[in-house]
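Notes follow once the structure below has been shown.
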Ligand SMILES: C[S@@+](CC[C@H](N)C(=O)[O-])C[C@H]1O[C@@H](n2cnc3c(N)ncnc32)[C@H](O)[C@@H]1O
């Protein structure tokens with residue numbers, strides 16, 4: 001019963017349980033937390049605290065393990081896995097959380113360790129007290145060894161990824177990306193212009209004590225001050241006034257510029273964040289086919305369209321590499337492709353540990369197939385918008401180089417978003433598509449490019465050969 005009496009203990013136990021599921025079953029952090037918090041009937045405060053702790057531990061995992069390893073007399077693989085998660089939570093609080101004083105974090109961890117026996121509790125006490133002494137100015141980080149290994153531990157990323165980024169971006173940019181990945185991003189929403197305006201929504205929220213600011217890069221969005229909390233419980237959600245969406249993701253729908261009367265295919269549509277954006281921009285007056293290979297996720301597209309009051313979206317369950325649609329007929333094809341999601345590490349810290357180097361090439365292969373199918377659907381003059389929440393070369397510029405050699409296509413530059421005061425959004429590779437790196441504009445890492453299907457067929461590298469019908 002102790003757990004009910006000591007404030008903060010329930011949240012820490014929940015965090016440890018979520019972390020164990022992540023480790024043991026490879027569960028997604030957000031899904032593991034959601035299921036656990038619902039099953040244990042956690043209060044909103046317990047849920048918020050457990051989420052913050054588990055997310056923090058996942059984000060800082062390798063730095064926490066390094067710091068604990070320095071003060072533990074036992075190697076990690078000889079320590080009970082539950083006890084190690086308890087230590088990680090406390091180490092996170094000691095190193096990174098301003099909410100809980102270190103002695104309280106140690107005390108709460110020792111109380112949890114007691115469930116495992118007197119020995120584990122004494123061990124936790126000794127390790128964490130030593131850590132508090134070591135961590136005076138922050139948790140220790142390695143000061144020697146190869147740069148990639150040092151950065152990987154200091155900023156808690158897998159070493160293979162750090163090595164890739166060092167090769168491509170150099171040390172300064174890589175370190176800036178690593179830092180940005182560890183800074184939580186503000187929540188944002190896209191306002192449904194058919195039902196509300198950012199001003200009106202901002203007013204309604206202000207009356208409820210929620211502050212919001214216009215998204216700096218994309219018109220029609222709002223950044224929520226303070227983050228946290230369930231955005232779905234805010235006023236206006238059920239009424240279809242807005243869609244939770246990252247600002248980077250809004251950019252794809254924004255540059256697509258869907259218009260009334262257009263025939264549009266969204267090839268990887270679920271859960272419909274961008275499909276509904278296209279429907280809204282066209283005044284719900286386009287003909288939109290939303291395809292996705294996963295039935296349950298496709299159901300979310302229908303649910304979101306219903307909530308937003310949109311009627312121009314038809315859903316089709318299927319593999320978009322073999323689309324059951326007439327080729328050469330679409331004015332606009334959006335391919336927001338499945339990807340490594342390595343641009344979203346600030347929002348989804350577990351993705352960094354889930355991905356392997358092989359995933360990059362596997363995703364690039366699927367994207368190549370999807371791109372071929374997408375190009376076939378375009379009518380002459382039709383436009384293709386390709387986007388991914390990743391900035392890996394294989395998933396972005398390498399596709400652009402290949403498509404640029406396709407005689408049927410012409411790349412149309414996308415104007416870079418206006419840099420708001422104080423942010424440097426200068427794009428490193430505008431010649432090959434728009435890359436948002438996570439440290440530049442407080443967005444996810446993202447990539448978007450536009451290709452139009454030529455009205456004129458031209459042999460590769462040759463002169464125009466005639467008009468397509
Ligand atoms: C990045 S998500 C799309 C997000 C969506 N565009 C949005 O903005 O809400 C990629 C989607 O591709 C779908 N997918 C993966 N492989 C597919 C395939 N071969 N054909 C169709 N959909 C596929 C996945 O089910 C997933 O929903």
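Placement of Cβ uses the backbone N, Cα and C atoms for every residue, glycine included.
Unlike curated records, TrEMBL annotations are generated automatically.
TrEMBL lists 177-454 with the feature domain 'SAM-dependent MTase RsmB/NOP-type'.
Per TrEMBL, S-adenosyl-L-methionine binding site is recorded for 268, 269, 270, 271, 272, 273, 274, 292, 319, 336. Long-range neighbours of residue 272 (S-adenosyl-L-methionine binding site) (same chain, six or more residues apart, CB within less than 8 Å of its CB): 290, 300, 301, 302, 304, 305, 313.
There are 26 other Cβ atoms within 10 Å of the Cβ belonging to residue 389 (active site, nucleophile). Summarising the annotation, TrEMBL assigns active site, nucleophile to 389.
Within 10 Å of the Cβ of residue 268 (S-adenosyl-L-methionine binding site) there are 25 other Cβ atoms, across all protein chains. Counting every protein chain shown, 24 other Cβ atoms lie within 10 Å of the Cβ of residue 270 (S-adenosyl-L-methionine binding site). Every protein chain considered, the tally of other Cβ atoms within 10 Å of the Cβ of residue 274 (S-adenosyl-L-methionine binding site) stands at 27. Using a 10 Å radius centred on the Cβ of residue 319 (S-adenosyl-L-methionine binding site) and all shown protein chains, the other Cβ atoms total 14. Across the fold, the C-alpha of residue 274 (S-adenosyl-L-methionine binding site) and the C-alpha of residue 389 (active site, nucleophile) stand 13 Å from each other.
In this structure the alpha carbons, written CA, of residue 268 (S-adenosyl-L-methionine binding site) and residue 389 (active site, nucleophile) are 13 Å apart.
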